[in-house]
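Enquirer: Here's a structure for you.
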Amino acid sequence: MGARDEEGQSPAQPKHTCPRKPPILEEDSLQVPFLELHGEVTQYVGRAEDAVIAMSSYRLHIKFKESVVNVPLMLIESVECRDLLQLHITCKDCKVIRCQLSSVEQCQEWMKRLTGAAGPPSQLEELFSFAFHAWCAHVANFCTPGDHVTSQFRKEVERMGFDTQGVWRISEINSKYRLCSSYPQLLLVPGWITDTELENVAAFRSWKRIPAVVYRHQSTGAVIARCAQPEVSWWGWRNADDERLVQSISKACTADRSLQTLAYDGTADHSLRRHTFNGPAAHQHSNGTHSNGSAAHQHTNDFVADLPMGWRSEGGSDNDLPQKLLILDARSYAAAVANRAKGGGCECPEYYPNCEVVFMGMANIHSIRKSFQALRSLCTQMPDPANWLSALESTRWLQHLSLLLKAALLVVTAVDRDRRPVLVHCSDGWDRTPQIVALSKLLLDPYYRTIQGFQVLVETEWLDFGHKFADRCGHGENAEDLNERCPVFLQWLDCVHQLHRQFPCSFQFNESFLLKLVQHTYSCLFGTFLCNSGRERGEGRLQERTCSVWSLLRPTNRAFQNILYSSHSETVLHPVCHVRNLMLWSSMYLPMPSDDLHLASRLQKARSFDNLPSELGDGPAPNRRSSDPDQNKRQECCSSDLSERQECRHSLKINVGPEQIASQDFMGEEPKATAAANEEDGLGLHSDTVQQRLRQMEAGHQLQVDMLKRQVQELWNRLESHHPGNGHQEMCPDSERSAGAPCPSRCSSELFSEAGWEQVEQQDTKATQWYPDHVASQCYGCESSFWLATRKHHCRNMFCASCCDQQVSVPSGACKACLSALPPVELETPITASSN
């Protein structure tokens, strides 16, 4: 990925479709200052006042003296010339880049280049993702069609436990997008709702975005559905099929719970399932007639009464009745009423019985865009403003995040605690609706907090249900309308980051994963976030012609794995949503000036680092402190002949500690992961110091364990060489050893010293009988009885105070005088122990 493409190895097709041209150099001595990606063509290279600036078909690269900046061209929002010589670049992810050029003419020229390259394309094929895929497919085989997360709908329906043979059904009414161009082709609806009724509902909902079920809580059976606003208008239009569909969602949840109960009791059969969906109550209003509140209430009673007796508990509990459905409108009530002037509106509770409408008062895209621009202006002020906190509050960015989290928490409470189904919508159903629904699913289901599950979540709730990425990000064909741009997806990822901060052990991915996802939402390196809907992506054959961002953010990529993740953490998350508990995403909005520099280059070495010997084996040298008392002795040892160097090397390996091993891993593994990530997308990787330190500790522990195993194996080999025929198998039972691995359980620290191999006398190897403390009731010398306060120990035997004159304790074992003078002990059951 990171190697520069060679003309001789390039296949014919990419060379013709994406020809390579030599860059325009402002000075003959300049060279391309970065490694090009496959298909990337460097166009201009120039020298700024304190940096080298280069522009390719994919990115802007500025190499300062102490930092490197890589910005994808489509991430740039605007370019200005300030103070005549300063190039001021504003990015869509809140980053601002300033570069001082040498002359006014040079500054103007670079502004024109960047403005032309960063604008919306006239044709989709002008984006770099197509050239990147063309070269990758023929050179690196980096991305394959399997990387695109597709066809997850049926797997998700099965995973969440939907009964698609009765209570629910998968409708193909939107096959080939004939009903709604911004919806997926497969929709999940109550089992007794016909396609004809769905067509009538589509005529009543904005952009034909009908209520569709997207999630089922496996414990309570409650579901989450999403749609667009009803087209009530000032005339107060109604639609009987729409009212029945909304009520049917709640009734289907009740039937689903009843089926679960019967299945648990073993009394359910297919006849009961068919009875529910073919009964008279199921088609009471199929003729499209309007119903008032009392009639709908009678409909609910008929529905419950029509259920077989085996489906209702004898006590007639509240679980027999359909739970009150929560209609969560993301807008304020005033905004919902104002939309009636445009033909929209909201549900009237009188026409939707057994439903509760709650307005969240979330801001629209125009207010969010204004808030984000104020946040960006604040974060890029130089120097740091004195009234930072009050200025941050005035942007209202954290207030918007708090409101979004509260809306998602309201959905979680209704589904998980109250067992109530929820229907979420805003105006059009493709901005605030996916924010709330996706965040709710993330809180409810641990699967979506894994890397694979998060990919499925983004694909289903954002891509399949038609979030307008091309318009909101500004990289669609002729997407010049600035009023359509808004960081909706970025705001949702910010909420995910807030959850990640409050529950650090509940997410399999780390912060770098989220930051990289933000970058490639705008970068156009991958085709995942191109176009406005699945229909447009299908017509453009993007799965075949572009790479997927999930090929980079794959679950096996350790750079994006959270080392604190535990699969046994909380099942349902209940975050604190108050503004005072939220924090500004500093890694996103306040990037360090040298983020792209290698982290190891900024580390301070210990004073003794350069004095360590260079020949310390295959691995890198351990980072020893100058205060180590054994350091000088080891260095003197290493300055002797070759054999002594080998012994010193062994000594250093044995005595290396976890801190030194951690430093060893830090200087080796992390840079490799960072370099790999840089090679794949050409951008820097965020350095999370906490995750890095945890990886150091983990790798240090594993390296120490491996070293100890090697040491034990060496010691057993030395033992066998000193005592041939007496292998260590006799001293280490098979039950305590794994196949082919030494057993360190019985090895003490004494085995690692040379003193453990001294010759012992034959007499010291014989077994000796000892009195246990609880057995001794009389003196071993005079045989007089004694009590606990008068007895003393000498050579593991009990003596009275008059017979024992020893004032100091004797080490383990018996002295030779006692062994030769004292008669052997006669016990009915001798207790023997091996002497050291």
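Cβ coordinates come from backbone N, Cα and C, glycine included.
As annotated in TrEMBL:
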type	residues	note
REGION	1-22	region 'Disordered'
DOMAIN	147-589	domain 'Myotubularin phosphatase'
REGION	277-297	region 'Disordered'
COMPBIAS	284-297	compositional bias 'Polar residues'
BINDING	ASN339, ARG340, ALA341, LYS342, ASN364, ILE365, CYS426, SER427, ASP428, GLY429, TRP430, ASP431, ARG432	substrate binding site
ACT_SITE	CYS426	active site, phosphocysteine intermediate
REGION	610-640	region 'Disordered'
COMPBIAS	625-640	compositional bias 'Basic and acidic residues'
Enquirer: Specify the count of other C-beta atoms within 10 Å of the C-beta of CYS426 (substrate binding site).
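Expert: I count 27 other Cβ atoms within 10 Å of it.
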Enquirer: Sort out the sequence-distant neighbours of ASP428 (substrate binding site) for me: same chain, 6+ apart, CB within less than 8 Å of its CB, listed by position.
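Expert: ASP428 (substrate binding site) has long-range Cβ partners SER206, TRP207, ARG209, ALA228, GLN229.
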Enquirer: Suppose we draw a 10 Å sphere around the Cβ of TRP430 (substrate binding site). How many other Cβ atoms does it contain, all chains included?
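Expert: Other Cβ atoms within 10 Å of TRP430 (substrate binding site): 25.
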Enquirer: Counting Cβ atoms within 10 Å across all protein chains shown, which of the binding-site residues ASN339, ASN364 comes out on top?
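Expert: Counting Cβ neighbours within 10 Å, the top one is ASN339.
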Enquirer: ALA341 (substrate binding site) has how many other Cβ neighbours within 10 Å of its own Cβ?
Expert: 10
Enquirer: Looking only at the domain 'Myotubularin phosphatase' (147-589), what is the mean pLDDT?
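Expert: Averaged over the domain 'Myotubularin phosphatase' (147-589), per-residue pLDDT gives 87.
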Enquirer: List the same-chain residues at least 6 positions away in sequence whose Cβ sits under 8 Å from the Cβ of ARG432 (substrate binding site), in sequence order, or say none.
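Expert: Sequence-distant Cβ neighbours: ALA330, ARG331, MET362, ASN364, LEU404, CYS426, VAL488.
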